[in-house]
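Below is one structure, written out as structure tokens, with a few remarks after it.
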């Protein structure tokens, strides 16, 4: 019988970013208790040798599984040391891969308080509203003018440590164009 290949999207991520993300997940699971129902699977609990960890996030009758890998082939740059992240949405026997932005939105639908557009209606009706959104990563668009006006009145409280964002985990911070210093800056960068 020949080998059967399964292709999946794995986002290349440096190991320090993965370590930070894992510790944020564990902090909010065990200390702050904001990630209720989340399940963390260690590398030694997996049968796959390249799986570094898995985080299972229940979303109603479905779940989001964020798998971190190690020992993959290195990427284009030296610092891509074979670390990666796959994001999968599962419901019963069906599963599909999702991008980091959608993963954050799905998490935000089920977890963490939000100062959402429904707060505008409640504020107009005189009801008390939640003063802030705890999970800004779950929003990918600019709100309405009313929403922006109300949000400007209330300064968001910084959560320490921040909530774990899948989009932030997979963000490519290495391949952004570098800004060189001006004339008084580094002379090796501008050729003088």
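A Cβ is built for glycine as well, from the same backbone N, Cα and C atoms used for every other residue.
Values in this document were obtained by computation on a predicted structure and should not be read as measured data.
The region 'Interaction with host APOBEC3F' feature in Swiss-Prot is assigned to 14-17 (among others).
Sequence annotations record features per position, and here Swiss-Prot assigns region 'Interaction with host APOBEC3G' to 40-44. Summarising model confidence by region, the region 'Interaction with host APOBEC3G' (40-44) averages a pLDDT of 89.
Among the features that Swiss-Prot reports, region 'Interaction with host APOBEC3F and APOBEC3G' is placed at 54-72, with the record citing sequence analysis. Counting same-chain residues at least six beyond the ends of the region 'Interaction with host APOBEC3F and APOBEC3G' (54-72), those with a Cβ under 8 angstroms from any Cβ of the stretch are 10, 13, 15, 18, 21-22, 25, 35, 37-41, 43, 46, 82-91, 98, 103, 106-107, 109-111, 166, 169.
Among the features that Swiss-Prot reports, region 'Interaction with host APOBEC3F' is placed at 74-79 (among others).
Sequence annotations record features per position, and here Swiss-Prot assigns region 'RNA-binding' to 75-114.
Look at residue 96 (phosphothreonine): DSSP puts it in a strand. Residues annotated as phosphothreonine in Swiss-Prot, with sequence analysis given as evidence: 96 (among others).
According to Swiss-Prot, the feature motif 'HCCH motif' maps to 108-139, an assignment based on sequence analysis.
Here Swiss-Prot flags 144-153 as motif 'BC-box-like motif'.
Feature annotation from Swiss-Prot assigns phosphoserine to 144 (among others); the stated evidence is sequence analysis.
Residues annotated as region 'Multimerization' in Swiss-Prot, with sequence analysis given as evidence: 151-164.
Under the heading region 'SOCS box-like', Swiss-Prot lists 151-180, citing sequence analysis as support.
The phosphothreonine annotation in Swiss-Prot covers 155 (among others).
As annotated by Swiss-Prot, region 'Disordered' applies to 161-192.
Residue 165 (phosphoserine) falls outside any helix or strand according to DSSP and counts as coil. As annotated by Swiss-Prot, phosphoserine applies to 165 (among others).
If you look up Swiss-Prot, you'll see 188 (among others) marked as phosphothreonine, on the strength of sequence analysis.
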Between residue 96 (phosphothreonine) and residue 165 (phosphoserine), the C-alpha gap once rounded to whole angstrom: 19
Neighbour count (Cβ, 10 Å) for residue 96 (phosphothreonine): 8
Cβ neighbours of residue 165 (phosphoserine) where a neighbour is any other Cβ within 10 Å: 21
